[in-house]
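K.L.:
Dumping what TrEMBL says about this protein:
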- 1-22: region 'Disordered' (REGION)
- 1-10: compositional bias 'Basic and acidic residues' (COMPBIAS)
- 23-84: domain 'Helicase-associated' (DOMAIN)
- 101-161: domain 'Helicase-associated' (DOMAIN)
- 169-230: domain 'Helicase-associated' (DOMAIN)
- 240-303: domain 'Helicase-associated' (DOMAIN)
- 313-373: domain 'Helicase-associated' (DOMAIN)
- 389-450: domain 'Helicase-associated' (DOMAIN)
Amino acid sequence: MVPRMERTRETTTGPQSHRKVGDAAWKRSYGRLLAYATTHGCSSLRSHHVDESGFGLGAWVYAQNRHYAAGTLSAERIELLESVPGWRWKNRRPKFRGGPTWETGLVHLRAHVERTGAAFVTPSHVTEDGFHLGNWVRYVRERYSRADLPPDAAAQLEALPGWFFSARESRFQATLHHLRRHAQATGGAAVERRMITADGFRLGARAEDLRAAYAKGLLPAEQVAALEQIEGWTWDGTRDRRWEENLERLSAYARCHGNSVASLTERYVTGDGVRLGTWVAQQRVARREGRLAPYREALLAAVPGWSWGINGDAWERGMRELVAYVNEHGDADVLSRYVTPDGYRLGKWVRRARFKYSKGLLAPDRVSALEAIAGWVWVADPGPRGGHTDWGFAMGRLRAFAAEHGHTRVPAGLRCSDGFDLGGWVSSAREQYRRGHMPVDHAAQLDALPGWTGATPAVEDAPPRAA
């Protein structure tokens, strides 16, 4: 059991002992309370009560309760208040008497150390069961500073990792502790001014305070050295502030564009000349490569309309529009210039999907999704009237070319007299043939043509005129 730490009190005889209180303002307020309590009692006093002279007596009483709960009210004032008729403390004070309260506080502090790894406690910290651990720690430090803490109690505290009797040193060590954990988790010590850790530590504000102290030459050399050992720490927080400013710009953009950032392109530049579109793209790349700090990821995800895969959103929109088109028209033969009634350029989306497929740039899952759509074909080129044509039409033109020239080495860019892009169609057919994605009967028809090969032919000096 920790030895008792009794506060020495002067014996008082009643309300008249208020003359021992040195603070004249407190003495006058106490007199008003005494007069009120003599007539009305204390139970009816509310926090918003104002007496006849305009004095906020209720607010003053509330402040005394708050100081009592924090352990900052002197013994003389405690006795004076407890002598007021009907007085009762509204808040529980973490009384430090060497009994259950000391043990309870120490148990909670040890549990905090076990959970977080160190005895860093914020002044406002309250445990899950309602124990005011921050107040308890502050009170312990006050007792230590007055040489009023028993040696064995001090020894128990000093045995805890991260414990310091100096609140200032504890605050620095807590900042150092959280910065190290943050750097280990994210690969750098960059933090925003408003960053708060999961346990409620205001790491961003503390980092700014340390930088400001360093700039004024007020930071001790040992603290400077400790900070500079953290990977990624810089004394200039400009980069962090710039990231935060860009986040504000992005939020403003979302508010002005219907809470959506989907319309923001990589070329977008703000009115003050910031390449916001490029910055947004960089954040997506950083996340994909695992370089984006989790707290930054959370801040971006909170922006209305934010998406980590803007290309994924565009793909899903195109798929929805294509399925709707097939359901309405019965086929997937979308004209290259087709625009849906609500303005979506579906023809362009289909054309880009086919182009990426021909270059091997379309993800396998997207290839499968398109091929599952009824009527979908990978080769569909412009026909005589600017629409799409079918396989039979294109094969007819290729057979005519082979009959005239004795081979199927159609130059790229060759168009028939009616505008049909035979060179483009053959190029796409070769790509499909080479990748093995062509139906067996189509491949057989091509194999039957003279000189057909899946390889791209050499460029000829002068392309022949097509039929």
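Every residue gets a Cβ built from N, Cα and C, even glycine.
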K.L.:
Quick one: find which recorded stretch in 101-161, 169-230, 313-373, 389-450 has the most Cβ pairs under 8 Å with the domain 'Helicase-associated' (23-84).
P.N.:
101-161
K.L.:
For the domain 'Helicase-associated' (169-230), what does DSSP give as the number of helix, strand and coil residues?
P.N.:
39 helix, 0 strand, 23 coil
K.L.:
Can you tell me how the residues of the domain 'Helicase-associated' (389-450) break down into helix, strand and coil by DSSP?
P.N.:
37 helix, 0 strand, 25 coil
K.L.:
Using DSSP, tally how many residues of the domain 'Helicase-associated' (240-303) sit in helix, strand and coil.
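P.N.:
Summed by class, the stretch gives 38 helix, 0 strand, 26 coil.
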